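For Asp458, Asp464, Glu467, Glu468, the entry in Swiss-Prot reads Mg(2+) binding site, with the evidence type sequence analysis. What Swiss-Prot lists as domain 'tRNA-binding' is 42-151, and the listing cites sequence analysis. Look at Swiss-Prot and you will find 405-480 tagged as domain 'B5'. The domain 'FDX-ACB' annotation in Swiss-Prot covers 720-813 and rests on sequence analysis.
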Amino acid sequence: MKISLKWLHDYVDVTEFFQKPEVLAEALTRGGLEVEEITNRAKDFNHVVIGHILEKDKHPNADKLSLCRVSTGEGVVHQIVCGAQNHKAGDRVIVALPGAVLPGNFAIKKSAVRGVDSAGMLCSLKELGLATESEGIAILPADAPVGKAYAEYGGYDDVTFELKVTANRADCLSHFGLAREVSTLFGKELKVPSSELKTNGKSSKSEIALDVKAFDLCPRYAGRFLKGVKVGPSPAWLKARLESVGMNSINNIVDVTNYVMLELGQPLHAFDAAFINGKKIIVDRAVAGEKFITLDGTEIALNGAELTIRDVNHPVCLAGVVGGKNSGVSDSTTEVFLEAAYFLPMSARKTSRSHGIDTDSSYRFARGVDPDGTLRGLNRAAALILEVAGGEAYADHHDFYPNPVKKAPVDITIKTVSDRLGYEAEEHKFVDFMKRLGCEINKKGETFTVLPPTFRFDIEQDMDLVEEYARLNGYEHIPEALPALAAAPSFQDKTFMLNRTTSELLRGEGFQQAVNFAFVGSKAQKAFLGSLEALKATGLAATEKEIRILNPLNEEMDVMRSSLSFGLFKNLNHNFHSGNMQGRLFEIGSTFFVKDDGSFAEGSRAGMAIWGRASNLWNKSLDYPVVYELKAAVEVLLKSLNISSYTWVTPANKSEVPEFLHQGQFAQLLVEGKKVGFIGTLHPLLLEDNKIRVPAALAELDLDQLYKGQPRPYRIQSVSKFPIVERDFAFVMPKALKVGDVLKDIRKAGAGLLLNVDVFDLYEGEKMEAGKKSVAIRIWLQDKNATLQETQINETTTKILESLKKNFDLSVR
């Protein structure tokens, strides 16, 4: 928002700031109103003065040029060559003398024009940047004082501030509002602009009637009827005031409404009373679907929620936003109905946003205008219209205000102020500050009861008063002090620390962390998870009954999630279709379920997802199942938690396999004999339906169970210095045979020297006979006390192979 210092000076003495505007800018910024830019307009008119043409002759060397002798006062006469033709001897003109710099960085200096010396330039308004078009040079009134600086004469000896007014300080969106703030900050006297109005003593009730129906959106509506006005250009002073803050002049009536809005912060609207059908103003909601044409000719369809100002036939104004073309003031207007109102900020804001219409009025109404300033603004505007456009005002006016807005009093003690600020507040300062703010203040005992003025929407509680004390006393006066820190042992949440450790480990395994909303769509979750009995069979707490959200954001977020798998699948699906053909994701979060007694509970889970073939890994074949990669990651997690007693189990009953997983590539995880989660490959039909063309696997673990007994004691062992021996075997086995059972048998048979065992290849191609698969297994052997001898290696491998032959009838290929 732009503020003119000269305009501000009408209401509060700011004389000392004309030479040092940065001092005022600094004070305003410290007070919470940031000054973004200071512009000294007078500098644009340095060396530009009013001149008097004494003589005008033809240029001796150019027919289209004239040679003028121009006085700039005190006996100083300049010879100036001019190319315009609209001037004559005796005219008062604007002269740019050597040293002046005009818009476009055009520097004026002494020069020769067609062989004749010229010491300046006679200017048009366009050349001074004051008009877009000009015909010839500017001719001033005959009484314009010769030699006077044009900036001072034209009202351009001004300083303007560009302010960033925060949303809570709507009371400062005007010159008087800012003057009130300056008065408060500096303790200066405030001069209130006159709203005295001379009337014709007659009643206007028969001219325009008023009916406020939507009083819930319009607590106050006032209006005046003016007749006999003459629409035309505004006087120079009014134009200059508007132009000083970047607003163009339209006509005298509209300019006055804009002037009062910029002066007092009260938006107004002027209707051509001749076009108000039925001679009645109705304040009511719009009719859904009806059309409205704005002042600029734009047609919009109303949705029925907007507050409108109407006549008996149609809307004539969108309340607080924009006027209608059908009732706007024109050159032929002679009767005006002048409106001033207090519309609820919510109403103006919604209308403005729904139709994308931002105006100076909507900007103010959306933030809140002073309901007690309505009549002052109305009468001020009416008086100015009579001054600049003539006419007469009727003695009465409309003022619908059935329930006056009242601010709630705030109770506070000086101790509260001191405690909140951290230093001793002074009672006499507090009382002074409250009075400067325009508050009514009473004291009873140690408690002050403060009644804020209606224009301060932001003062509602004691903390607001504490803030005002700190602001007016100066934030720079808050003493520097180190915070008092109590010497107490720090508390670390065990689950939080374990979650952080788990997250760091999974990131180390190449997973990236996903964070999903805890609320999901009931239909979508059920479609993905299917029956939750299968999920429950894996050891994860789940119930068919979902926990519904009372006030959901939308139907896609109406229940609390029962599993992390649904969210991770959506992440996987989105990533794949965004071009990420391979990836690893994990999430640590809560799931929610209903207990047997009907109460709600939540559990802590870890979910993991892997998709895409490991074709870019040198030690993995193209057909290496991703579920094995996921299994390996889970086992690394178990190892980090020092959990060694675990097994993978494939349920005999297929109903225990969740519907979104492959029934033949699924396993439940048992830790110390208790089910704590699952891993599995996503069901082929699910992948096909979602057009995911790579294998994918999911895991979900119950962290509440895994974290029990943490931290588990570690058994410290020295690292063997003796070499490890690897041996690879390939077996052809029935597809129905579980590889996990084979590995378990190898561990048992090779106990003593067997360090580890793992699958490194799986083949089920066309070259295999029906119902068979080829599994390649690697074992690692090590003696912790000596280098392995060949006889030891052969003895151990023989034990393993004999056991596999005996128990599974397996032989090496």
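Along the chain as shown, residues are numbered 1 onward.
Glycine residues also receive a Cβ, built from the backbone N, Cα and C atoms like all the rest.
Features per Swiss-Prot, on structure.
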residue : record              : Cβ within 10 Å
Asp458  : Mg(2+) binding site : 16
Asp464  : Mg(2+) binding site : 17
Glu467  : Mg(2+) binding site : 15
Glu468  : Mg(2+) binding site : 24
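Neighbouring residues of the recorded Mg(2+) site, listed in sequence order and excluding Asp458, Asp464, Glu467, Glu468, comprise Arg456, Ile459, Met463, Leu465, Val466, Arg471 (Cβ within 8 Å of the Cβ centroid). Asp458 (Mg(2+) binding site) carries neither a helix nor a strand DSSP state and counts as coil.
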